[in-house]
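> This structure is in structure tokens; I'll ask about it shortly.
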Amino acid sequence: FQILSDPNKPYTNENSATPTEETNDAGNLMDFLDEPFPDVGTYEDFHTIDWLREKSRDTDRHRKITSKSKESIWEFIKSLLDAWSGWLVMLLIGLLSGTLAGVIDLAVDWMTDLKEGVCLSALWYSHEQCCWTSNETTFADRDKCPQWQKWAELMTGYTEGAGVYLLNYFLYVLWALFFSFLAVSLVRVFAPYACGSGIPEIKTILSGFIIRGYLGKWTLLIKTVTLVLAVSSGLSLGKEGPLVHVACCCGNLFCSLFSKYSKNEGKRREVLSAAAAAGVSVAFGAPIGGVLFSLEEVSYYFPLKTLWRSFFAALVAAFTLRSINPFGNNRLVLFYVEYHTPWYMAELVPFILLGVFGGLWGTLFIRCNIAWCRRRKTTLLGKYPVLEVIVVTGITAVLAFPNPYTRRSTSELISELFNDCGSLESSQLCDYINNPNMSRPVDDIPDRPAGPGVYSALWQLTLALVFKIVITIFTFGMKIPSGLFIPSMAVGAIAGRIVGIAVEQMAYHHHDWIIFKNWCRPGADCVTPGLYAMVGAAACLGGVTRMTVSLVVIMFELTGGLEYIVPLMAAAVTSKWVADAFGKEGIYEAHIQLNGYPYLDQDEFTHRTLATDVMRPRRNEPPLALLTQDSTTVEDVETLIKDTDYNGFPVVVSHESERLIGFVQRRDLILAIKSARQKQDGVVSNSVVHFTEDAPQIPASNPQPLKLRRILNLSPFTVTDHTPMETVVDIFRKLGLRQCLVTRSGRLLGIITKKDVLRHMAQMMNQDPESIMFN
């Protein structure tokens, strides 16, 4: 398709060998577009880009650079710099997003511990760092050292007692409320776009929608600061989703340094796709998983070139985070684990059951969370976001403190649930009854009967599971940065660990049962409860987000073991099947629909309707707003722009024939007329606007005409009125169109816009068609 690409270049007819010359038969006719003027070809806020136009503009720009590179050494060097600018942007994105992720991890670690106590030897040390540096720490009591003091001990001098417990409880809640209040206040005052996960909006932006300011400098700064505060407050949310938003803000920031990306919205989105991969890379320490996440979950247009660059950005980001080493374990994540026992075929049954649980939890969460968010939008609740955050934080902190599994940060909880119980573990989950005669290597401890600590931990984990399931529904979607990966993984990890311990004890006490006889001999290390926690985490995350391939890769990059791919795949696929049985939408698609973003998903359109059923104008509607090629005055154009809010207008030969000539964008018209009035003498309200190739002969007494041929798209995409809507939807999805004109034998009948397509799809699914708007 030949689309007008660069308004400052002569239009090139595809069938001719040379550019068409802009003739000027009348001496007083001037085409002011011979000189470039700013903003032609740009888009207004909350509008969709024209992918074909952006692609064509980039092709023309590249052709121009290539031809110039043969003229001189300097032009050749400039062409090399242009070619390498993409890789340079990826390098900068990786460095900045990796650095920010490391700083966020360190700050969250310190501020989470600040709720419970303080390090006297160095105020900026977290609990773990404080006791690392102490010479008085024993291995058995490695969490206790004189340099670290809880707030009550610091204030009263006592370490035990009801008063001490209540004072610590009160200060824990107070710190949580302070952190969350500060977070929601900063978001509300400085950067309203810094709230939420950011992934639904990133998906919409990558599909071609413009949301100015969403990836701006203020959003980057406030999101980074408030993300630390929100996670540290102890709310049931994670930092992984918002880190994708932060990385995309970094990408947008560096795009503004290179005109190749800043002046082309299509190229900018290629960079943002790679930035999303870098965000997941540093969130989970999974560079390959990050690339697959960007490809599977967020990107709309993902050419092979973007795949390589995403891989490079994810690599640099992971390397930068590894250099910072925020967790002190030489790993990229807190919950890196290694298992030493294989899994057995019989264990696929509990793994698949965990997949079913993940799918059911995903469905329950999406439905309840969307219902709550819709209530927030339509009731008074939405008018008091600060109060909502304070109330939810207060309830979370009050209920979380008594249970040691909900008091700690969610990442630490997942880390403990994933861990395999070695001989040196001091966790309550590892309180097994040991055989005094056991003499085996440290890594190969046989299955043992559970001790009182394990049974106590199971009750606490069950309460933690119910608490996490309920509170996460009300937390996600509040006006603070809030990710969903970690809370979903926590729910699955708790359920998985409970199932794992149950299977382990059954195998120990009933090893003569037929299902255990073949693979679990007495005294053998058969079942790894931590593996069940990992599979459960993958199942629940898959149920909520509907990820499959990228999820499995992220999980095995977390564990470092390829041996457990099959259990992870079984759980991920099962959770998707179960969740899809209740509804095809993941949480991000559901939030896109709730907010009314114009996003065309990849689901098949199966209804038997035609273009004529969807096009506008419909019956009983006013006729289509048109421009003619040589009989419309400047005043007519300005009146049309003033009286309508359409994004563009078809240009026809005349109102009588309605033979289609082309399509002109509203924004380009406004800018062209404004610039002509400033630069060109004699352009008045009754000047005739010409979209024709050749200038007509005009009497000297007539006002000077205005020629706007160069802002006219001479090859707009057209379909006939009998084209099936299945084909039209496919065209919109694959070519990224903004609008499509409907004709019959060259005569214009109507227009179909992207919103018309979305409204029609909503109507076909018995949804409210008027919900498709930026809300």
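Cβ atoms are placed via backbone N, Cα and C, with glycine included.
Pasting the relevant annotations from TrEMBL:
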COMPBIAS  10-21  compositional bias 'Polar residues'
DOMAIN    615-679  domain 'CBS'
DOMAIN    712-770  domain 'CBS'
REGION    1-25  region 'Disordered'
TRANSMEM  84-108  transmembrane segment
TRANSMEM  169-191  transmembrane segment
TRANSMEM  211-231  transmembrane segment
TRANSMEM  243-259  transmembrane segment
TRANSMEM  271-295  transmembrane segment
TRANSMEM  344-366  transmembrane segment
TRANSMEM  386-405  transmembrane segment
TRANSMEM  457-477  transmembrane segment
TRANSMEM  484-503  transmembrane segment
TRANSMEM  531-556  transmembrane segment
> Who are the chain neighbours of the transmembrane segment (84-108) in space, where the CB to CB distance is under 8 Å and they lie at least 6 residues beyond its ends?
224, 227-228, 231-232, 239, 243, 246-247, 250-251, 253-255, 257-258, 260-261, 271, 274-275, 278-279, 282-283, 305, 309, 312-321, 323-327, 409
> What stretch, picked from 211-231, 243-259, 271-295, 344-366, 386-405, has the most CB pairs under 8 A with the transmembrane segment (169-191)?
386-405
> If we skip the immediate neighbours and take only residues 6+ beyond the ends of the transmembrane segment (484-503), which ones have a Cβ under 8 Å from one of its Cβ atoms?
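For the transmembrane segment (484-503), the nonlocal Cβ contacts are 197, 236-241, 283-284, 347, 350, 353-354, 357-358, 361-362, 365, 405, 410-411, 413-414, 417-418, 429, 450, 454, 458, 461-462, 464-465, 468-469, 472, 475-476, 527-541, 543-545, 587.
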> Please report, as numbers and ranges, the same-chain residues at least 6 past the borders of the transmembrane segment (386-405) whose CB is under 8 Å from any CB of it.
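Same-chain residues near the transmembrane segment (386-405) but 6 or more away: 169, 172-173, 176-177, 180-181, 183-185, 188, 233-236, 376, 413, 428, 457, 460-461, 463-464, 467, 471, 474-475, 478-480, 494.
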> What same-chain residues lie close to the transmembrane segment (271-295): Cβ under 8 Å, and 6 or more beyond its ends?
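Distant Cβ neighbours of the transmembrane segment (271-295) are 86, 89-90, 93-94, 97-98, 101-102, 202, 205-206, 215, 239-241, 243-248, 250-252, 254-255, 261, 301-302, 306-307, 309-318, 320-321, 331-333, 336, 485, 547, 549-551, 553-554, 557-558.
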> Do you know the mean pLDDT across the domain 'CBS' (712-770)?
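Taking every residue of the domain 'CBS' (712-770) together, the mean pLDDT is 88.
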